[in-house]
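Here is the structure we will look at.
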Amino acid sequence: MGNKKLLTGGSSKTHGSGSSYRDPLLQNQEDKPKANGSENGLNDLEHGVVEAANVGFGRVFALAKPDAGKLVIGTIALLIGSTTNLLVPKFGGMIIDIVSRDVKTPEQQTESLIAVRNAVVIILLIVVIGSICTALRAWLFNSASERVVARLRKDLFRHLMHQEIAFYDVTKTGELLSRLSEDTQIIKNAATTNLSEALRNVTTALIGVGFMFTSSWKLTLLALVVVPVISVAVKQFGRYLRELSHTTQAAAAVAASIAEESFGAVRTVRSFAKESYMVSQYSKKVDETLKLGLKQAVLVGLFFGGLNAAFTLSVITVVSYGAYLTIYGSMTVGALTSFILYSLTVGSSVSSLSSLYTTAMKAAGASRRVFQILDRVSSMSSSGDKCPVGNPDGDVELNDVWFAYPSRPSHMILKGISLRLTPGSKVALVGPSGGGKTTIANLIERFYDPLKGKILLNGVSLMEISHQYLHKQISIVSQEPILFNCSVEENIAYGFDGEASFTDIENAAKMANAHEFIEAFPDKYNTVVGERGLRLSGGQKQRIAIARALLTNPSVLLLDEATSALDAESEYLVQDAMDSLMAGRTVLVIAHRLSTVKTADCVAVISDGEVAEKGTHDELLSLNGIYTNLVKRQLQSSSSVTTL
């Protein structure tokens with residue numbers, strides 16, 4: 001309704017309504033203790049960012065701690081499998097030495113054939129044992145990885161659900177979805193599957209080097225000359241890649257956020273013919289991600305190309321020197337063959353470790369983003385445990401309440417609001433748009449805490465009341481209610497504590513004037529309403545939301561009337577349902593209808609965060625002030641006198 005929106009309040013401190021006024025609370029904001037657990041305090045709410053966490057791999061691997069027993073068994077299987085794989089070159093070299101002998105007599109030939117057969121049998125046994133251990137290792141580590149990602153996603157989602165509303169004011173939904181899906185998947189691979197492969201390659205490399213020493217210590221030392229150089233290169237490469245990966249994932253999250261927003265607002269996009277614009281915006285962010293990805297690809301390509309060149313030159317050098325030793329009798333052909341096989345196996349393992357290190361650095365970037373949320377402490381405590389005894393009669397009091405949204409701390413919305421809602425009373429909030437009407441409702445619902453002052457329910461501060469108890473006593477019905485993508489029955493029963501009977505659900509729907517249109521659906525109460533209730537009209541969503549509030553039977557009702565978006569019939573049905581909902585309850589209504597204001601016990605006009613006028617409808621008209629002007633303006637803009 002533009003500047004015709006209204007709000008109620010109580011007595012307030014009067015400091016004037018000029019825009020130049022700056023309240024004294026703002027002077028002390030920097031001195032207030034910061035409730036947020038991050039180093040930047042509430043800075044992440046003001047700027048939309050949280051300081052990235054420094055996450056060691058020990059913390060990532062700790063995610064698999066509940067599966068430690070299975071991973072130990074998997075590690076034992078891994079060690080056995082790695083050892084068996086390295087025994088094959090040893091017996092292969094023995095076969096080469098056997099067939100290289102100078103065999104002259106039939107007895108020697110028979111002896112050689114028996115020796116070869118025995119070696120082949122041993123190799124087959126080694127392969128069978130190694131295959132069984134490899135299968136066992138893969139099963140245990142992969143099953144553990146699935147449990148790791150499930151636990152991580154549950155923990156992350158649980159933590160997100162307990163963040164304060166202000167956190168969601170500044171955080172994009174697409175970014176959170178990216179952390180829940182993509183980042184957790186990367187961490188899953190690092191914590192288990194990649195760990196398995198890393199252990200296998202490390203074990204293979206160490207055991208392989210041991211066998212290389214038994215074959216020729218001279219060749220082994222020559223082969224290990226390149227290791228220090230490669231180690232330094234890998235460390236520097238990994239450090240740079242970790243930062244680049246973190247930046248790439250952040251850019252991808254922005255693109256995901258644009259996509260999520262576009263899908264959620266597809267009707268708005270279509271109504272303005274902005275499909276091409278949204279595609280362009282998404283493409284720009286994808287191109288930014290692509291640019292970073294291509295930079296990463298070039299870096300990885302150069303690194304692995306150099307690594308391959310170093311290994312290849314090392315192998316050529318070792319083989320050349322090995323041939324020299326063989327020619328001069330210091331090694332047998334079989335020993336040289338075994339050594340070459342060992343060196344190739346070790347080289348392959350080290351090369352795989354480099355690849356795994358690259359993946360691990362990407363996981364480190366993802367881990368920073370995930371643990372950044374897991375380490376974040378909500379700036380609002382929900383640890384109150386009081387449940388006021390006696391009749392929950394809905395006595396609400398705002399006492400000298402000051403408030404500024406955490407995302408805009410320099411802009412004070414409420415300036416010393418004091419307001420009393422006596423049990424069973426109906427208080428209408430009216431006033432110019434932006435005055436603070438919705439903010440008052442948000443504070444009573446405890447979506448935010450005031451900077452100064454108190455809000456009491458039945459004489460107890462909201463901050464001391466149990467989170468569950470508070471929201472069973474207070475219910476809110478907004479202009480644009482949000483429904484969940486489930487059945488009508490499930491949506492109505494959503495706020496009910498326990499298992500709601502179908503009879504109770506049906507009665508609530510009847511009181512909300514929703515039963516008739518629900519019964520007209522082919523699936524009746526089993527009808528799925530779609531995401532955010534998009535398959536229903538505005539009036540239908542309103543009435544289901546009213547039925548949901550009726551079923552919870554709150555003692556305090558916060559109501560934001562919605563009339564401008566409804567046709568006359570829907571408006572009548574919704575208003576009639578609201579009248580049923582308000583009966584016998586303490587009601588705070590952000591009023592848009594003249595009929596609502598007339599029947600209110602108290603009307604409060606909120607202007608510039610203060611209560612400018614307060615009284616009944618007739619009392620305020622007699623003042624010839626802001627309220628009178630609002631009524632006159634509405635009457636001039638419409639031939640109907642039913643709305644305000």
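Backbone N, Cα and C atoms are what each Cβ position is placed from, and that goes for glycine too.
Listed features, source Swiss-Prot:
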type	residues	note
BINDING	GLY431, PRO432, SER433, GLY434, GLY435, GLY436, LYS437, THR438	ATP binding site
COMPBIAS	8-20	compositional bias 'Low complexity'
DOMAIN	71-362	domain 'ABC transmembrane type-1'
DOMAIN	396-633	domain 'ABC transporter'
REGION	1-42	region 'Disordered'
TRANSMEM	121-141	transmembrane segment
TRANSMEM	207-227	transmembrane segment
TRANSMEM	298-318	transmembrane segment
TRANSMEM	327-347	transmembrane segment
Enter the number of other CB atoms within 10 angstroms of the CB of SER433 (ATP binding site).
13
On the 0 to 100 pLDDT scale, where does the domain 'ABC transporter' (396-633) sit on average?
84
Most isolated by CB count within 10 A, of the binding-site residues GLY431, PRO432, GLY434, GLY436, is GLY434
THR438 (ATP binding site) has its Cβ surrounded, within 10 angstroms, by a count of other Cβ atoms equal to 19
By the DSSP assignment reduced to helix, strand and coil, which category contains GLY431 (ATP binding site)?
coil
Around the Cβ of LYS437 (ATP binding site), the count of other Cβ atoms that are within 10 Å:
27
